[in-house]
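Colleague: Please read through the structure below; I'll follow up with questions.
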Amino acid sequence: MSRRTPGVRRGARTGVLLAFTGPALALLILTRLAPEGYSLVASFEKVDPFGSASWTFAGWDNFRRLFTSAAFWQVLGVTVWFVVLASPVIVVGSLFLAWLYTRTMPMRGFWRTVAFLPSAIPSLGLTVMWGVALKPTGVLNNVLEALGLPAQGFYSSTAQALPTIALITAWGGVGYWMVFLIAGLLDIPREVLEAARMDGASPWREFFSVVVPLLRRPLLFVLVANTVWVFQIYAPIQVLTNGGPSGATSTLMFDTVRTATVYSNQQQAMAQMVVLLVLLGATVAAQFALLGERE
Amino acid sequence: MTALARKRARRYGLTVLGVLSGLVFLVPVWWLVVAAFRDPTEALSSTSVLDTLIPRSFSFAGFRSAIEDGYLRAVGVSLAAAAGTVVGGLAVSSLAAYGFVAVRTRLSRVLFVVVVASFLLPFETLSVPLVPVFSRLGLSDGLPALILPALGNGLAVFNLRQAFLSVPLELAEAQHMDGAGHLRRFWHLYLPLSRPALIGSGMILFVSQWDSYLWPLLIISDNHNVTASVAIASNFGPLSSHTQRAFAEVLVLVVIPAVLLLFTQRRLIASSSTSGIR
């Protein structure tokens, strides 16, 4: 009697599955799929000049307008340059910190915590503290002048603004990514390192020929995850430079928000967002293709 | 140089390197704390660089000015949003995780990948199109608008599923024999045995809400309902002179999660030592 046919059982199981995952799936649709769908549709629409506030199909018009505008090419250039500046600094910096703080030294745990400290500061906090420290009359310029060096413009100079934002981002992020790499370093079997040392490998050789290859997975994770994060940096740009000076820090993320809110051009903003998502996806795919394991 | 001396020299060099690298992170944070408590009049008169790192005066002026400006209300909004995100997010992700563990069909595996992957995808970018979606649903300007997008968290679902997978199947089967349904097994067996994962996922959810800036900025238009980050930004310009207040506000923003972390860490250690399960 208690024997049920597999079909019924499968139906009941699917019911249980859907009942428990239901809230998560509903949220997925509401907060992820709905905006994705909206942006995809809106990017191919325009405001109907004859109807009141209704939209009509515009084909590739929004995208064509983007890619024929010099301003948008500047935004794309700034975005790529920003990722190229910030992402490698973060990966190399966090790898250096992870390596350093897995050596034997006094108070190692304390210094690890210290390096992680900036990760506990919300992005707006980082923006405020570095905004004050790096302003033209700020502490850092005072230090430079005390050392007899010329004061720098930092984020108020066209040439230095983007690198400054990248450095603020890196300072706030390296300690966080370091944690993942420390975990990866501790997973490397001692015997492997001892064998390398027995063979007379120098510390440099040991690091680049043994440690880095064995750290490939966590390194790839840190590279991909922090690239995704860097593409979406918003707070320091909006608060400190507002995209300037003369567009020097206007990244795609920042410009998309500005098009949607300041210029209230939803359709154009959505087209920009689609470009941002495609660029992000392509970058991540390229990272996987170049550095992922080939089996 | 003997091998021993060389080894000692290397260790000495590493320690120096470690301390110097640590100072890169410690000094700015120290400066933030000192500056938040500095007397505003002293800040103007001091000219020496070292003065900026040595606390010579102590004042709550920055904090007082922040409170007078209604900063506590903004902190309250942030705390309420974070609390809602933790409670709601844990409910949603632990239920989903139980579903993925209790039912192991192909559909379940596919749904697991879809849920984790799409909640790991960047949300910041999606916040721009989410504004019209939410306002069409009448969800703008309130706690639900702040909380809902943060509830789905791929890392939390992933963590909790890992924890649930390590719950012995024999225990679940024994409860099943006793006539316990899925909900009772979920509540009385899986949740109590997964406290560390619940606390860890709770912290991830808390931080994701606490750190958010763009979404609250876009969705909240009523000045009384802004979060702490948005409140700080609205009063802060890079050239503004209210440094003390801005720093005091940032310090509050940093200290609250740190205190909660210390508190939950102690609970975490206590819970794993009393349950006997690691």
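Cβ coordinates come from backbone N, Cα and C, glycine included.
Those TrEMBL annotations? Automatic predictions, nothing curated.
The transmembrane segment annotation in TrEMBL covers B:12-33, B:79-103, B:110-131, B:143-165, B:186-207, B:246-263. Residues annotated as domain 'ABC transmembrane type-1' in TrEMBL: B:75-264.
Tell me about the surroundings of these features in the structure.
Modeller: Beyond the transmembrane segment (B:143-165), the same-chain residues lying 6 or more positions past its ends with a Cβ under 8 Å from any Cβ of the stretch are 77, 80-81, 84-85, 88-90, 92-94, 96-98, 100-101, 112, 115-120, 123, 127, 130, 134, 190, 193-194, 196-198, 200-201, 204-205, 208-209, 212, 215-216, 219-220, 227.
Residues 82, 85-86, 89-90, 93-95, 98, 101-102, 150-151, 153, 155-156, 159-160, 162-164, 167, 171-172, 175, 180, 257, 260-261, 264, 267-268, 271-272, 275, 277 of the same chain lie 6+ residues outside the transmembrane segment (B:186-207) yet bring a C-beta within less than 8 angstroms of a C-beta in it.
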Colleague: Under 8 Å for C-beta pairs, could you tell me which stretch among B:12-33, B:79-103, B:110-131 has the largest tally with the transmembrane segment (B:246-263)?
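Modeller: The stretch I would name here is B:12-33.
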Colleague: Take the transmembrane segment (B:79-103) and find every residue of the same chain, 6 or more past its ends, with a Cβ under 8 Å from one of its Cβ atoms.
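Modeller: Sequence-distant neighbours of the transmembrane segment (B:79-103): 109, 111-112, 115, 143, 146-147, 150-153, 156-157, 160-161, 163-165, 167, 182, 185-186, 190-191, 194, 198, 201-202, 205-206, 208-210, 216, 227, 256.
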